[in-house]
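The region 'Disordered' annotation in TrEMBL covers 1-46. Taken from TrEMBL, the feature compositional bias 'Polar residues' applies to 1-15, 26-40. Taken from TrEMBL, the feature transmembrane segment covers 57-75, 123-140, 146-166, 187-205, 217-238, 259-278, 328-348, 368-387, 394-412, 424-445, 457-477, 540-560 (among others).
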């Protein structure tokens, strides 16, 4: 802690700021938490300007590289998930590539965020990135079966538990007036990782052939990025020991963790997701494997609410975050909706393009990458806008409006509406680039410095929770329509000469684009294959439409909530931690 002489002596201050090791900057200014009028309590002129050196920016680059690695994994699970699942003859189980990642992000995010306050940030970044992301990617690349592939994605999900700390480190090492720029850098790395994943994945398996081995090379490359990112973070990021890290014993640190909340959250979320994933795929709602699992999961979720409200007031959801003003609560709700929207696009946009419009996986990736390029541009523009105007409300509100426009546009698509989807991709990219930049900035500026890690953990976990809930709902809606695929195709091909007994084989071969197998079915002609393909695509159109309508409903609620209040923040020129 700086002495009173340090606070007033310029020479002492310059000496302190130019040291190459990380030091915690403490000033005589009041708390940086925004007050009820949504302005900072401190005055910018009272806060010293920190000296930033090369390792500061290398630390930001290191966490951005971790983000890039994570997005390569997420794109591999989403955009390539259908191809990988078909490779193992389990096309209906592709949801279980993305689901473990989102579930573990939700469950591990708050744990990592709390633990990082007691044991430090660094190793909670380096170890999960190396052993979770790196080892998990290696397992996926060598997977001999569907269960092993799912296991690999689950281990990758462990690495995603450190995702909240990426936003924490970026904000802590930069001045407050640069915080929006820091979050823009995180968002830009997010989009860059997604674009790299799309291009590399498309190039490695351009035909989308389920028999291809391109995904194995993809995840080997992903492993390399994880290892490099972990090594760079280990080398350049050396934060000072935090007060709680030095003053508490290991027993005291463990006692402060919210074990009850972690238990309720993990069990409730897993059961909820499993129940919705099994709905209509293959079980009906009335089947105990769906209804009972769902009911028990909801009981645990209700238990979490009661436990965090009345028993553990300083756990995963510290009540201190929700007093004073409601900006943090509104940001959480909006981030939840953004997560619902993002995972709809990540899982189903490229899927729809590949089924209806493009047979070349690289061109599918190019179309989806347009979203990421636009998102990166809008993230930078939003960072500049927030830094200049110190306002976030209308930028966020406009972004949710663009989300709604994207979902409405996609819900109107058919087999013939190829070109309009390019424009819808621009709408989605604009919305994605804006929302995460503004909402994380709002949440962090509404938070006391000592709770910034927990707050960031909640924001990222809530986003992934939105993705988990959204994926489960979308999967149920999608398969509710797709269960009629056999009947829809049969109505078209049986009158043309295909035996009813051969319809199932015909549909399976048609989905896999297996021309050799189609040729072995009695009575098959080119006209029958074309008619069956049209019926198959029309069924997919209806299934995708249900997904897009559901996404629009979720996002409309967030837009309505965000329009209720105008936050205004003064971004002080202060860094919470120097590197």
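All positions are counted from 1 along the displayed chain.
Cβ atoms here come from the backbone N, Cα and C positions, even for glycine.
Taking Cβ pairs closer than 8 Å, the transmembrane segment (187-205) reaches residues 64-65, 67-76, 79-80, 83, 212, 214-215, 217-218, 221-222, 346, 350, 360-366, 368-369, 371-373, 375-376, 379-380, 429, 432-433, 436-437 in its own chain, all 6 or more past its ends.
Residues of the same chain lying 6 or more positions beyond the ends of the transmembrane segment (457-477) and with a Cβ under 8 Å from any Cβ of it are 95, 98-99, 102-103, 105-107, 109-110, 112-114, 160, 163-165, 167, 269, 272-273, 275-277, 279-281, 316-317, 321, 331-332, 335-344, 347-348, 436, 439-440, 443, 543, 546-547, 550-551, 554. Within the same chain, the transmembrane segment (328-348) stays apart from the transmembrane segment (146-166): fewer than three Cβ pairs sit under 8 Å, each pair at least 6 residues apart. For the transmembrane segment (368-387), same-chain residues at least 6 beyond its ends with a Cβ under 8 Å from one of its own Cβ atoms are 79, 177-178, 180-181, 183-185, 187-188, 190-192, 194-195, 198-199, 345, 349-350, 353, 395, 422, 425-426, 428-430, 432-434, 436-438, 441, 571. Below 8 angstroms of C-beta separation, residues 32, 34, 40, 167, 171, 176, 179-180, 183-184, 186-187, 190-191, 327-328, 330-332, 334-335, 338, 341-342, 345, 349, 367-368, 370-379, 381-383, 386, 392, 395-396, 398-400, 402-403, 405-406, 409-410, 413, 452, 455-456, 458-459, 463, 567, 569, 571 of the same chain, each at least six residues beyond the ends of the transmembrane segment (424-445), sit close to that stretch. Under 8 Å from some Cβ of the transmembrane segment (394-412) lie the Cβ atoms of residues 334, 337-338, 341, 344-345, 349, 352, 382, 385-386, 420-421, 423-424, 427-428, 430-431, 434-435, 438-439, 442, 544-545, 548-549, 551-552, 555-556, 558-559, 562-563, 566, all in the same chain and six or more residues away from its ends. Count of Cβ pairs under 8 Å against the transmembrane segment (123-140): among 57-75, 217-238, 540-560, the largest is for 217-238.
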